[in-house]
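Right, one structure below, let's go through it.
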Amino acid sequence: MGIETEVEERSRKGGLRTMPFIIVNESFERVASYGLQTNMIIYLMTFYQMSAATGTSILGIWTALSNGLAIVGAIISDSYLGRFKAVAVGSISTLIGMIILWLTAMIPQLKSSPCSQFQHVCNGPTAFQLAVLFSCFGFMSLGAGFVRPCSIIFGADQLKKKENPENQRLIGSYFNWYYASIGISTIFAVTVIVYIQDRYGWQVGFGIPVILMFLSVSMFLIGSPLYIKVKAKESLLIELLQVVVAAFRKRNTSLPLTDHGDYYHWPLGSEFLAPSNDFRCLNRACIIQDPQRDLNPDGSASNPWNLCSLEQVESLKALIRVLPMWSTGFMIFVAMNQFSFSVLQTRTMDRHIFPQFEIPAASFSVFLIIALTIWITFYDRVLVPLLSKYTGRPRGLSPAIRMGIGLIVSCMSMALSAITESIRRQRAIEEGHEDDPSALVNMSAMWFVPQYALLGVAEAAHAVGQIEFFYSLLPKSMSSIASAMYTIGTAVASLVGSVLVSGVDWLSSTGGKTSWLSSNINKGHLDYYFWLLTFLSLLNFIYFLVVCLFYEPGNDGSSRLSHVADDGECDYRILSES
């Protein structure tokens, strides 16, 4: 009777009527967060007297935290809170962070005064002012860590009803609408919100994201009575961690001479009867030492931290196998994290597209999004049908080839950035602006559009190929890990980019020399820094070619792509996260 009541109550909840609350929540969160991040370097340099290098490093760490905490948020959501509470807590945390940031613009005591051109020495921010600033970054990173990995799955929970198998089509439609709303939100953030900040100041520019985030939280909570709230259960990431712990605990256990299934724990219906030969040290995690002690009467492990299933061990091995290829994608994201310097460049150039309208300096990243969208559409609708006839692959080119194309185009983008900056800097010096970094150079900012477009194509080609490569090598039960690895990759790249910026700034300024990354970009040498990124990107491509040699031809990401194309389980949805 109780079960019937639960099923009946579940049937009255969820469905399409919950979609507006969930999609609006995520859309407003994206508009608010991206609307703050894009122009933040100017705010830090103006009101906290940070150098361009320091501000860029801090923003890189903020991005790394926001993406890296997604794994923590996913584990806590799956294992303890459940997705509804995780999204609610994350949304409220983001709102608190935005309110604090808005207060720094409203209350003069929370930030240092901007320096005038007559001041030789500026008073930097106090420890309290920096603590307030960093606390708002912390709250927003924590919020993003909960909302972004859980929101989309929470929406899918509302449409998954076993009694109605046709809802699978609705879920596919939901994913399309969800990511379309994210794309529109991102474009809105880097154009409209940035324009408001430039035109009406920080108080209004930070206030509007606060209002949008308040509406986001309110909409999500108002829909609470309608939601299906799936209870927390053990996370797959926890199961992988159990393998590491169990293998370490039994590190002194001798491995059997033959990998016969009788030695290992594998539940009924398992597709694995014996472990693979690579990474054999992990096989200890599923060795049954004492059946009476290690197994329950039903055959399950009595202590999952001491005995794991064969599937868990093989899943972890599959994850380890893709790590080298995963690491080849860091440099693309490092290149993309240089937007802070690009904002400083485009601020000094003519950004008018009409006599009465100029594009805000921080809005030029919209060209990356446009190029990314055009490339995905062109490749999927035009190139795939043509290439598949010649290659015999459902997706046209193999994932590895597409990743390689993305890496090469990224190198081209960085080289073009270096050439463009060299021309811009030379013109600034010739026009007598060497000591005035805010002076306008007689040069159109449209020179920067090609490098943004190339970077958009690079990300689209590489990211889609990488996700499909992961999906082809990871077990089907770990398909969600592919998205998580992409997010963690962006977090690692942001951290690497911050360290690189700090290192270049320190090394290039030794001996009293002007740093390449000086806040006065007319005296610095951003072109040298972009050439360095070009060189590192080229080295990374060579590393990528070496890594490809260690994968068997059948494991280049093409072996399982037939079911990707048929099932539609691996598509371009992850790109909207970037």
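Every residue gets a Cβ built from N, Cα and C, even glycine.
The shown structure was predicted, so the numbers you read here are calculated from the model rather than taken from an experiment.
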Which listed span TrEMBL calls transmembrane segment, if the choices are 202-228, 445-471: 202-228
Stated TrEMBL location of transmembrane segment, expressed as one of 325-347, 486-508: 486-508
Selection from 40-65, 127-156, 202-228, 359-379, 528-551, the stretch that has most Cβ pairs under 8 A to the transmembrane segment (400-419): 528-551
Stretch contact, the transmembrane segment (127-156) with the transmembrane segment (528-551), Cβ-Cβ under 8 Å, 3+ pairs: no
Recorded stretch, among 40-65, 86-107, 202-228, 359-379, 528-551, maximising Cβ pairs under 8 Å relative to the transmembrane segment (177-196): 359-379
